[in-house]
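I have placed the structure first, in the form of structure tokens, so that the comments after it can refer back to it.
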Amino acid sequence: MDAFGDYVWPRATSELILLPVTGLECVGDRLLAGEGPDLLVYNLDFGGHLRMVKRVQNLLGHYLIHGFRVQPEPKGDLDSEAMIAVFGSKGLRVVKISWGQSHLRELWRSGLWNMSDWIWDARWLEGNVALALGHNSVVLYDPVIGCMLQDVPCTDRCTLSSACLIGDTWKELTIVAGAVSNELLVWYPATALPDNKPVAPDRRVSGHVGVIFSMSYLESKGLLATASEDRSVRIWKVGDLRVPGGRVQNIGHCFGHSARVWQVKLLENYLISAGEDCVCLVWSHEGEILQAFRGHQGRGIRAIAAHERQTWVITGGDDSGIRLWHLVGRGYPGLGVSSLSFKSPSRPGALKAVTLAGSWRVLAVTDVGGLYLYDLEVKCWEQLLEDNRFQSYCLLEAAPGPEGFGLCALANGEGLVKVVPINTPTAAVDQNLFQGKVHSLSWALRGYEELLLLASGPGGVVACLEISAAPTGKAIFVKERCRYLLPPSKQRWHTCSAFLPPGDFLVCGDRRGSVLLFPARPCLFKKPGVGPKAITAAEAPQAGSSSGGSESVVTGLGPVSSLHSLHGKQGVTSVTCHGGYVYSTGRDGSYYQLFVHGGRLQPVLRQKACRGMNWIAGLRMAPDGSMVVLGFHANEFVVWSPRSHEKLHIVNCGGGHRSWAFSDTEAAMAFAYLKDGDVMLYRALGGCIRPNVILREGLHGREITCVKRVGTVTLGPEFEVPNLEHPDSLEPGSEGPGLIDIVITGSEDTTVCVLALPTTTGAAHALTAVCNHISSVRALAVWGVGTPGGPQDSHPGLTAQVVSAGGRAEMHCFSLMITPDASTPSRLACHIMHLSSHRLDEYWDRQRNRHRMIKVDPETRYMSLAICELDSDRPGLGPGPLVAAACSDGAVRLFLLQDSGRILHLLAETFHHKRCVLKVHSFTHEAPNQRRRLILCSAATDGSIAFWDLTTAMDRGSTTLEPPAHPGLPYQMGTPCLTVQAHSCGVNSLHTLPTPEGHHLVASGSEDGSLHVFTLAVKMPELEEADGEAELVPQLCVLDEYSVPCAHAAHVTGIKILSPKLMVSASIDQRLTFWRLGNGEPTFMNSTVYHVPDVADMDCWPVNPEFGHRCALAGQGLEVYNWYD
Amino acid sequence: MGRTSKDKRDVYYRLAKEKGWRARSAFKLLQLDEEFQLFKGVKRAVDLCAAPGSWSQVLSQKVGGQSSGQVVAVDLQAMAPLPGVIQIQGDITQLSTAKEIIQHFEGCPADLVVCDGAPDVTGLHDVDEYMQAQLLLAALNIATHVLKPGGCFVAKIFRGRDVTLLYSQLRIFFSSVLCAKPKSSRNSSIEAFAVCQGYDPPEGFIPDLTRPLMNHSYETDFNQLHGPARVIVPFVTCGDLSAYDSDRTYSLDLDNGSEYKYTPPTQPPIAPPYQEACRLKKNGQLAKEFLPQECSIDRVDKLSQPLAIHTLLAPKVEDNEINCSS
């Protein structure tokens, strides 16, 4: 491995691994986590924060870590150093680490010992390690010198699925083995005769109806817990297992998981289990569920550890995330629902509406027009006023602000609005606004300077009232500022409003689902010379035209910009402005990020909340900068965190149709609702956020199907990239400007993730995730990479356009902008804007309306994408790039991207392959005195590669594309220029590179493990034979062709020609292999075993001469390699 | 996504249902036979890990159909009965199972042993690959007891990191080992089949089911972890070019003019391990955590039980009465 001698070869070394976390262990206040073959050591402090101290690299070679066992210290002192046995698969290594106050150092490591069979459990026995092996045998091993001391098999050599070793000496060693027959076998290795004859099992325990995946023994209480495939956890009373012949009694059979249970752990007072359903359950020993921790994504929780003194549980998931949870309580004091006992003979009438002024004052109104206040500190109800004009129909809204600004507003069915100062209700002001019913009320607050109340009346008229208080605080003034007019619809009223900073505009949502932008101070529009923000006056004639700008006209001012029906017919529920964006939520289960540019609203990104949460009621920005989503999930009110995928609060309130109110301050969050004729209040001290900690963010929950490098951001020293991970392993030369590679990944979990990979730290930062797909994402393509300020701008940053495609024939196009941001851990901020989307079935549906039933096949998957751009160095020329898609229905489809990706439409298709098309790739051919040619290659499951000339595809009068039989159908692509039968079965990777001779090297890798490399020559016919240049068709021919059968033992899913002399290939057999080209057949140079299984895609790129190349391998995890050129 | 969506995505799944096969894997064996003539002259065939029984169905047609042809199917789990197939519910790691097979063949060894078994995948790739290798080695181990010299052994393999170790082990017992992938097996799947012909155990080999076969480890010269020397056996694609493409999505009306009709699955699973958990979930009897509602902190305020009835009978409130807090 450490071959500095043959540096002439590229030698790939692993830089970063993101894999399922399969081993976790708490040692004192340190957490050991296994990630691939590496050991990560974290420090836990009392706040539950975690700091990575060190990555101890490559402990297990090509094995993955499945567990740690720390050698017990006779003195019980593990604070300064520890001897750790690390095991996984068939490998075992012991490492001694010193981790005193200041520094973590690896003192010594043993050899990597290979066992003959899988290691299910390990236990320290007086300096040696006992191992429970895959076919029900126990081995005693000296881990220092690496020799086997004992090897005792059981008489029943069945395959095990788990095992648990008990005892501290060989003599008392007990093994509980989980056999494939679903039984537990208890036996005693030390009872073997000196010749190590097989030992018969002492006891066989049956109960589970599936295999047992995990076991845990609690010596102090004589309990054993088992977790099984049958989705249950069983608790057994076993007494002292070290004593043969004891009675085993099943005392608990716990069903609570909705999928297989991977892990179980017994603590002194709790039982913890975690499984495939991504839930970690905390049970009492009596089998009641005390807590449920949800938040991991993907295929489940693989590892659990507990810090008993701090009562923490730490879980590691398949998503490579690590999370810390509080075992006792939900982590909050003062949490729960209480009834505020409104019903009383002294308070007549039934409750109609409730609201919250701050988190400690509840306001409620009855059907006899009584307004009541409940102060949580005083704990009693007080009547503020009674006004019988507000009986039968009454709206109630408290003003926003930390303590509700001390104001609330009432409105009735006859157009009357009453603004009430809560402390001095006698100073209430009435305003008669409309002839009919007030449909809705909402507040808008700008800092502490400007407070508006918006009231919707009949005919879509919204009255905007300006509220101000007298300096004495005893009186308030209500003045009508203007009237707005909503676009026509059946239910024509607004639902929410907010100031758009700095305050020139109001953003409103309406019942029809539209988001609207109104000028906050329309008077400024009449006198363009006034106000500093008169630039928006350009919008004035259009905006003011309907109202005529006169107060006497009944109608109002129309919106200057609107997004019609953004949230569908169920309506908009809230608008919030934060960080330069507008966020709107709706009852369509989504929330939008919007942005106002030049006085116009533009949608940026649509996001969905958790599954089943179809009624999103609002958003809150938490103090730590993260966002929480409020909404209703069936009959529950839920506070959901998109960052941690966690339901932070659940209140069984009966649904959102009744009157409710939410308020959240740093001190507490409160949710009030009406139920059973009373006011119920849910309160949690400490705000919305639960103190559960994400120790490490997860990446994708499921397999990564594609990876693509977008570009590099170079940050100057002023954005010093934090180097927490390797404080002492910095090699000289790795300082200097921070190079950060930006990589995007698509996954079966339907999301696209933007990752930052700094070259200096070996860490990965997930910048953002885009989740617009309804099915898996399988392919990504990038074009138009630039800098935010254009080519002349020297500021660091990156912009690019991305197309993603996948299952259900769905394609999305979005733009990416990366800018420096010193406030984030990655030192970068990522802005995403969704540009367009396309679905084949929608396309065909539209055609059906116009023509006749053609074809509806939404099951087509896009397998691969390629951007086909003739003049990528001259952007803006021509109609825009084409994107070619390989489709599972046997087609190659060409889409045209216009207006920088805002328009995406299907241009042409061909069913030439008649089989699932797996790969598409495009390249350009340049020759002196000739037009540049654009060539597309496509490859299918039958091993053939077809080449298409798309040079003139977009030219007028070109014959490249044949017109369709019916207008509206896509063009046909004709016949390919050349087809090459490269393999006997599916082509899983394809790449090309121009050669110095003016030809092209084409390399492909296949399902059968073979590689195929050939030289392609593009010849143009002599000019005199043709009339015009447009008619020239190039002739493609294969010059020399080489095949390497059995280059890999499985699918070759990644191939890249690095230079005309060098090629690299990656396969599902987990080898990254370099091949020498140029002297006839490709010859093997070297190969590296990597850790990511099922690699589906690879991308390689040169970083710079000092750093060499980087290579990202994506599959069930992500691994980054680098090599020097 | 309707019930037909899997029919569209997977043409062999659909064809299997239409032709009465218990699983789409029947086509894999048929296509392997097309390539290798596996059933030629076979009188006695053993199907290991047979459930749900699609390979046994193929064997009973191709072998059991001939005069004096016998098929024995072995599985740990119960399997719905099949005409012409003798079923043994037993463990392939037990000697008694091997003896029972021979007994059914009246003392004669088998001509063909097939194994399409795969463990329930856990999603942890290294565990799954190990478990699959153990299953194959257990099948090989019992095959050494029941297979006649020159006989043929076909087993499913996962082509993962350590598949070359399995190849080198199979080469010890068979004169010809090939890796075959039928067209009905998807490109996206790492599954393939080891087709081992000419059973020829090394001299002095004594079959012993009491000792499990351990898989090989990497050697420095013969089968390297990092280096170029690896045992990669030739790869053969089976099934003719006109065969359906398992990766392709077909429209429901196939080219042969037959009209599509939805067919329900032939044989649903019998008694899966999760049956009880599913029943409890269906009846809402899974244990649930305490929601904070039920542990009110404010003891002064009285809280009645959750008001489930009122929730159900909640009056239909007009939309304009929704109180949207801000």
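The backbone N, Cα and C atoms fix where each Cβ goes, and this holds for glycine too.
Because TrEMBL annotations are produced automatically, they should be read as predictions rather than curated entries.
Annotation comment: TrEMBL describes B:Lys156 as active site, proton acceptor. Listed in sequence order, B:Cys115, B:Asp116, B:Gly117, B:Ala118, B:Gln132, B:Leu136, B:Glu191, B:Ala192, B:Phe193, B:Ala194 are the same-chain residues six or more apart from B:Lys156 (active site, proton acceptor) with CB atoms under 8 A from its CB. Classification of B:Lys156 (active site, proton acceptor) by DSSP places it within a strand.
If you look up TrEMBL, you'll see B:Gly53, B:Trp55, B:Asp75, B:Asp91, B:Asp116 marked as S-adenosyl-L-methionine binding site. DSSP assigns B:Gly53 (S-adenosyl-L-methionine binding site) to coil, not to a helix or a strand.
Sequence annotations record features per position, and here TrEMBL assigns domain 'Ribosomal RNA methyltransferase FtsJ' to B:21-199.
DSSP assigns B:Asp91 (S-adenosyl-L-methionine binding site) to coil in the three-state reduction, outside any helix or strand. When each of the binding-site residues B:Asp75, B:Asp91, B:Asp116 is scored by how many other Cβ atoms sit within 10 Å of its Cβ, B:Asp91 comes out lowest. Filtering the binding-site residues B:Gly53, B:Trp55, B:Asp75, B:Asp91 for a Cβ under 8 angstroms from any Cβ of chain A leaves B:Asp91, in order along the sequence.
There are 29 other Cβ atoms within 10 Å of the Cβ belonging to B:Trp55 (S-adenosyl-L-methionine binding site). On its own chain, B:Gly53 (S-adenosyl-L-methionine binding site) has B:Arg22, B:Ala23, B:Ala73, B:Met79, B:Ala80, B:Leu82, B:Val85, B:Gln267 as residues at least 6 apart in sequence with a Cβ closer than 8 Å to its own Cβ. As a whole-number mean, the pLDDT of the domain 'Ribosomal RNA methyltransferase FtsJ' (B:21-199) in this prediction is 90. Look at B:Asp116 (S-adenosyl-L-methionine binding site): DSSP puts it in coil. Taken over all pairs of the listed S-adenosyl-L-methionine-binding residues (B:Gly53, B:Trp55, B:Asp75, B:Asp91, B:Asp116), the Cα spread reaches a maximum of 18 Å, rounded to the nearest whole number.
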